[in-house]
Amino acid sequence: MFLPRIGLILGSLLIAWVLMWFTQGTGVVQDDPERNIAIPDELTMPLKIQVAYNDEKIFFRYRWPAEAAYVYHDMLRYEGGQWVRYGSPPIGRDPNNTYEDRVTMLVDDGKVPEFARYGGYITVGANPRYFTDTAAASEVRQHPHLGEKLGASDVRKYLPQTRMDIADWRGVKDEETLQQQREAGYFLDLWHWRAGRSNAIAASDDQLIAEHRLGDSGRGPYTTNWDSENNQPAWMFDSEQVGIDALNWDDIQANRFDFDGLYYLAESFAKPFDPDHEWQEGDVIPRRMLREPSGSRGAISVAGGPARWQEGYWDVTLQRALDTGYPLDDKMFKTQGEYTLGIAVHRDSTGSRWHYVSHPYQLGLSREDTEVTAHHFNGEQPDWSDDWTEMTLFYPGQVNWPLLVSDAHAGAPDIEAGKPVKPRHSEKQLAIYGVEIQFNDEIISQWCKTLVLGLFLMLGIWFGLDRLLQVYVVRKTQGGA
Amino acid sequence: MSGIHAMLVHFPIAFWALASLMIIVGALMQGHWAQLAKAGLLPVLILGLLGGIAGMVSGWLVWPADANLYSPLTRNHLLMSFWAFGIYAVVTALVWRYRDLVFEGAFRWAMLVLALMGGLFFAISGTLGGHLAGSPTPFSDLLGAGGWTVYETFYVPDWVLVVILILAVASAVAGFTAKTRS
């Protein structure tokens, strides 16, 4: 009579364990656009990089897999007599294919020492845009520096020392200190290639991270094509030059384009918008107009003409003068110099924080003791060999610097002690943490219940076995066991 | 505290590993070694529990409470530690009350399963502890191959919790409905 009952008890334990094993981690993590949460299908992706330089310029070549290229960005569609915008920064993936692919690279020359140890994490401050606890646009607009001076309506990347309190984006240090920081090199150079807003004219944006994500001085590679007074585009295609008045919504929906054709509007073939033109339902005019960049902001360009996506890979080569002559905007490269790179990729029609980022990597010019080596060459263009540095990029989720240096992070004392992240956390680990932190309260609650119910099961098993042994003892005493 | 915790947890690991081995010997073998295993089991289990308490208390003090709960790896380490402690507490209580009787008849299989489950839990807890201290082992990869990436918090959905509750009650009822007379 004991065997079936013991079998039931042990069966309960084994069934519970098997059930828990195969259902663990389910039931909590899911997309929640209202909280700015969208989980990408893949949490990591590969990237390969090569770097070379001649006496004048440095060249960075990036190659990464992407199922498709997304080059359309921020479009105005004519519908019902109105020009309707498609391409505001999406939560996760843009269903309309109106958000471009990008590769971005942060560069430092040692003046921002935490960057070499923790990479882009140091630039993610409190309440950044598209976090669940993002700062209210109205509050940012009213901020004397960010809103009133810089014209910002959201909190973007910033460096820790630009704030009086690391956990408060509002406490920007005074103008004089910010200027002194910049002159001391306390900023990160940001190379920003966009498949829609710069690549078509073989340009790249050139920005920097200081107290905010700022543009370098000069003119950027695009401008906004919108006449807010009349609620219509400011520019349209000049059909006499290019044969079309507008793009077609069906092509955008199908993500159909030709790298040699027109999928963008540029200053060189645009003309002032004509509201009296017979616009058709589904006509599309890009909300961004490309233009030749200039000054410090135009220092980076695409080597060899616009980059292409083919056979499942983007292959982008950017070039820039070793010394741009703008020391307050750019990090200059010198032979035997060592630099830190942090690279990020947007793919699959995503924007803002839905990118894949790298750990910090050390770059050396003609140095063999760094993770990435830039080789010197003579001539105009590098003769790329097959000598790539391979990286794994990861989705960082909603982890910010204030969290990492707080008591909630077990590694905070290590950060304080200056221990780097790379030997400690793999890309996969950081990606998973980045996802889970978005559901931290829910997961802790479910984890607590799992822990307690597991112990309750053991209690039940103990009650059952104890009682059976009691019965066994009685029967044995009675001689009947 | 991290170093002290690392030192202290070796005691429950050693005692529980030894206890599991003694249970295997006691359940599956006969003769001198089986008798020896049964005779020495209770003190080893008690020492294991005491070591477990010391390990858990010292472990809780390694990081601030927030950090213990914010890290998926720490959460998993805590969960497996509590479960290992729970299983060995059950074994200890049964051996305490019934001594060698737990190895008689079909009860030996219950002891064997509990010992193996406990061993699995403290092995997982131990490897997660190593991970937290910066020394991951291939055992984590083995768990990953089995379907659980240790960086993901181990929790189950509500419906599974309900099933566990039912199984817990069923286990208790299986004992309480047994009658002293057949």
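Backbone N, Cα and C atoms are what each Cβ position is placed from, and that goes for glycine too.
Please treat TrEMBL annotations as automatic predictions, because they have not gone through curation.
These features come from TrEMBL:
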DOMAIN    B:4-133  domain 'DUF2231'
TRANSMEM  B:6-29  transmembrane segment
TRANSMEM  B:41-63  transmembrane segment
TRANSMEM  B:78-98  transmembrane segment
TRANSMEM  B:110-134  transmembrane segment
TRANSMEM  B:154-178  transmembrane segment
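Within the same chain, residues 12, 16, 19, 23, 41-42, 45-46, 48-49, 52-53, 55-56, 59, 68, 111, 114-115, 117-118, 121-122, 124-125, 128, 154 sit at least 6 positions outside the transmembrane segment (B:78-98) and bring their C-beta atoms closer than 8 Å to a C-beta of that stretch. Outside the transmembrane segment (B:6-29), and at least 6 residues removed from its termini, the chain residues within Cβ reach (under 8 Å) are 37-38, 40-41, 44-45, 47-52, 54-55, 58-59, 84-85, 88, 91, 103, 108-109, 111-112, 114-116, 118-119, 122, 126, 129, 133. Taken residue by residue, the domain 'DUF2231' (B:4-133) breaks down under DSSP into 117 helix, 0 strand, 13 coil.
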